Amino acid sequence: NLQADPQAEVWFIGLLRQLVPADLPWISLYWVFALVTLLMVIILYAVHLPRVELKEEEKAGAWQTHKALFKNKTVILFFIGIFAYVGTEQGVANWISKFLQTYHGYDPQTIGAHTVSYFWGLLTAGCLLGLLLLKLFDSRYVLIAFSLAAMISLTFALFGSARIALWAFPMVGFFASVMWSIIFSLALNSLEKHHGSFSGILCTAIIGGAIVPVIIGWLGDHFGLRNGMLFLFLTLGYIFSIGFWAKPLITNETFRSKKEKMAAKSQPI
């Protein structure tokens, strides 16, 4: 208790002043993260966790397995799907503040930052609704509906008034919330084996989050930011198409399918 021990309080404050420049107080967060990381390392070293044995299909295969997967059309199509999703997510979030400043005169440090935070907040909150909807509908139908709603929200954000843009951009995040999990699950459920290797390939597709914002920036420099952000309709359109051509081996279990299974079991043979 620092309040009970003034000497300890003085020592602690003096230590922080030595580590953190007076004009850069935010650097103290990095020392907090470093301390937490060190504690995690110590705890993980001290606690003996049980050894996890992966199933054969969960293990990352040899290079030959990856080469075979890259020759599979389904793998490439879902790779592009993850690429498109992460590119959309980062493409919107990275350019919201600049768009609001350029076309509506909003301060990127205040209104722009708040809008970005609402984008990420609704993207997180939408996951909860997505969990419920996946218990009611086929995941492909949910993906179609949410990607279409995301495109409509993006249209309002880019071409609507300043006030409309402030809520339309966050709504894009809300409707994008279910895309990652649905695309990933549809992808893995489209192959009978090599799921571990396939997962690694899909995770590599997050490079879209680094490439799409750059494409938007390049287009914005040459044709204007609004026209540059129209590129996001290509990525969202591709995600929208997944709901039509995806052919999972097993569809997600809904309340209705569960009732049908129970009814089938209860019928006499």
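Cβ from N, Cα, C; glycine included.
Copied from TrEMBL, the annotated features are:
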| type | residues | note |
| --- | --- | --- |
| TRANSMEM | 27-47 | transmembrane segment |
| TRANSMEM | 75-96 | transmembrane segment |
| TRANSMEM | 116-134 | transmembrane segment |
| TRANSMEM | 141-159 | transmembrane segment |
| TRANSMEM | 165-188 | transmembrane segment |
| TRANSMEM | 200-219 | transmembrane segment |
| TRANSMEM | 231-250 | transmembrane segment |
What parts of the chain pack near the transmembrane segment (75-96), using Cβ distances under 8 Å and only residues at least 6 beyond its ends? 69, 112, 115-116, 119-120, 123, 150, 154, 169, 172-173, 176, 179-180, 183-184, 186-187, 190-191, 198, 201-213, 215-217, 220, 225, 228-229, 231-232, 234-236, 238-239, 242, 245
With the cut-off at Cβ under 8 Å and a gap of six or more residues from its ends, the chain residues touching the transmembrane segment (200-219) are 60, 66, 69-70, 75, 78-91, 94-95, 184, 187-188, 225, 227-232, 235
Considering only Cβ pairs under 8 Å, which range in 27-47, 116-134, 231-250 makes the most contacts with the transmembrane segment (141-159)? 231-250
Near the transmembrane segment (165-188), which same-chain residues lie under 8 Å Cβ to Cβ, leaving out any that are not at least 6 residues past its ends? 74-75, 78, 81-82, 85-86, 88-89, 92-93, 96, 99-100, 103-104, 111, 115, 118-127, 129-130, 133-134, 139-140, 142-143, 146-147, 149-150, 153-154, 156-158, 195, 198-199, 202, 239, 242, 246, 248, 252
Quickly jot the same-chain residues contacting the transmembrane segment (116-134) by Cβ under 8 Å, restricted to those at least six beyond its ends, or write none. 89, 92-93, 96-97, 142, 146, 169-178, 181-182, 252, 254
